């Protein structure tokens, strides 16, 4: 029984990480139909930002303050990735709306360049980020120990989810965003600057990737290719969950995260991945456009 | 087919193709053994590019999974070579991993004809199965592309994980003979080169035939308007499945040739990065033109082997920039550039199949 609980917890932990990464994608891919393969590199940027913030704290702040660097690293990671996303959108993505496959290839190229850039700035080997002392240890429930870091990530995801929900569904900019994504021409006619909405939307998606990168520093060392490790899984989350609604992404992340852990527990790591893939393909037989599908009478969308 | 009058343009085209083929066949006279081997490898890549062009340039389906099909072909050939090299004993890496008996699925690879058939049919079958479960449900566009990329990830993880059966990260290597001829000798290399050229030309002609045929017209119709094609009465799923499977078979063939030239196949050669590089070859050369795909594959790999060894860092930056530039500025690739010049000279060319290619907003 304890083993099952522990596996379930691991599953939720992996799901939360996937969800954090996929949340950004669900905006850029789900709402804007742009395949941003550089999303993984935006994660990497967030992770390295956390690393830099940590180093600055270690150098310039009293040692007693060091533990709080992480609280600052999260918003800073968001901001840095946000700016990168903004630049990316204005410089490249906006030429590629309506051509998702082309956006995939071009952003892959951008990702390659960013990886190389990180390699020349921070070096090819992985660097470690020392997690703050207040996240060490874990919560003991019965015989199980749940590490605080994992719990913190789950909490962080829930906060991000809530903030995104409020932003998209309960705020004026969010309403404009939805309007533009649903019917661009009509939104433009009503006086919404679609260019600006596009840029902000993409930048927000990128910023969340930055937060995800920041969270990843809690789990292990970070390197220039940290993003590629997660990116395909994160895209699968969006495909499985369906696009256009947050609940789909949550479902996709839970589905992939939990089934991954359980299958890997029952079989081996490599066979587990195969089984998860087969399950996804099987699920798509039943619901080809993912768990939640935006209903539309249009044939080609 | 009625005998068509050869227009001047067709004549030029024919002359150019003949000259290119002749040049390829005579290359051993001009190149050192090392260069010849490189060229042979590039030509094997060109076969993948042909298949990829058929599915992407003509059918509008982007596959980021061709590394897997290429790898499966490579593994099929490598398994035969490994069995041959072990001479009835257990292949060395199985010994190291503690296997005592040959796994059942290795057994048939003792025979070369089976290995060759498997090298083409296995990838084709895998593609057919994946296509069956996706195209039939109208899972297409980016969704399909992401699924193919996931296929790459799970296949490489599987191959690395099942070390005892696949050789793990190291892949399959350590074989040197085909029919008792040493794979390393210049003589054999030359023959293998000619075989590759012949197969490339064969593949090119086959693709050209397919593209010019009614089948190819339907493929383009699906690319430009899948629903319209469906309403006319074609079942796009069948065409997509066949094209995808054929394209995977070509990749498998190329993988087999690759193993013969290079002498190793490992999961890193079928991963995400090589798979997407294959797409870049086609993008650079020009999707929707077969010759463009071949030229793109050879040129890009030539550039890579020239630059990447001396300046690996700059090469990665360059390749990244290339992706961006090609997609934003040259959606038709190098062949598109060439086509533009021709178009300036001769407007009539536009109604010739390959030049009139339109790209859908997929």
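Using N, Cα and C of the backbone, Cβ positions are placed for all residues, glycine too.
Unlike curated entries, TrEMBL annotations are predicted automatically.
These figures come from a predicted structure and were not determined experimentally.
Positions annotated as transmembrane segment by TrEMBL: A:12-35 (among others).
Residues or ranges marked as transmembrane segment by TrEMBL: A:42-60 (among others).
Residues or ranges marked as transmembrane segment in TrEMBL: A:66-88 (among others).
Annotated transmembrane segment per TrEMBL: A:100-118 (among others), in sequence order.
Residues annotated as transmembrane segment in TrEMBL: A:151-169 (among others). If one looks beyond the transmembrane segment (A:151-169) by at least 6 residues along the same chain, the residues whose Cβ comes under 8 Å of a Cβ in the stretch are 12-13, 16-17, 19-20, 23, 27, 74, 135, 138-139, 177-178, 204, 208, 211, 215, 218-219, 246, 250.
Residues 17, 20-21, 23-25, 27-28, 32, 34, 36, 39, 42-51, 70, 73-74, 77-86, 88-89, 93, 126-129, 131, 135, 149, 152-153, 156, 160, 164, 167, 230 of the same chain, all 6+ positions outside the transmembrane segment (A:202-222), place their C-beta atoms under 8 angstroms from a C-beta of that stretch. What TrEMBL records for A:202-222 (among others) is transmembrane segment.
The annotation transmembrane segment is assigned in TrEMBL to A:234-258 (among others).
Cβ atoms under 8 Å from those of the transmembrane segment (A:265-286) belong to residues 7, 236, 239-240, 255-256, 259 of the same chain, restricted to positions at least 6 beyond its ends. What TrEMBL records for A:265-286 (among others) is transmembrane segment.
Panel annotation: around the transmembrane segment (A:12-35), residues 42-43, 93, 96-98, 100-101, 103-104, 107, 150, 153-154, 156-157, 160-161, 164, 177-178, 181, 198, 201-202, 204-209, 211-212, 215-216, 219, 230-231, 233-235, 237-238, 241, 243-246, 248-250, 252-254, 256-258, 260-261 of the same chain, lying at least six beyond its termini, place a Cβ under 8 Å from a Cβ of the stretch.
For the transmembrane segment (A:234-258), the list of distant contacts is 8, 11-19, 21-23, 25-26, 29-31, 35, 39, 161, 164-165, 168, 276, 280, 283-284, 287, 289-294: same-chain residues at least six beyond its ends, Cβ to Cβ under 8 Å. Same-chain neighbours of the transmembrane segment (A:100-118): 33-41, 44-45, 48, 88, 92-93, 224-225, 227-228, counting only residues six or more beyond its ends whose CB sits under 8 Å from a CB of the stretch. The list of residues near the transmembrane segment (A:42-60) in space but at least 6 beyond its ends in sequence, with Cβ under 8 angstroms from a Cβ of it, reads 21, 24, 36, 66, 68-70, 72-74, 76-78, 80-81, 84-85, 114-115, 118, 122, 127, 129-130, 206, 209-214, 216-217, 222, 224-227, 230-231. Nonlocal intrachain contacts for the transmembrane segment (A:66-88), taken as residues 6+ away from its ends with a CB within less than 8 angstroms of a stretch CB, comprise 36, 38, 42, 45-47, 49-50, 53-54, 56-58, 107, 110, 131-135, 156, 199-200, 202-211, 213-214, 217.
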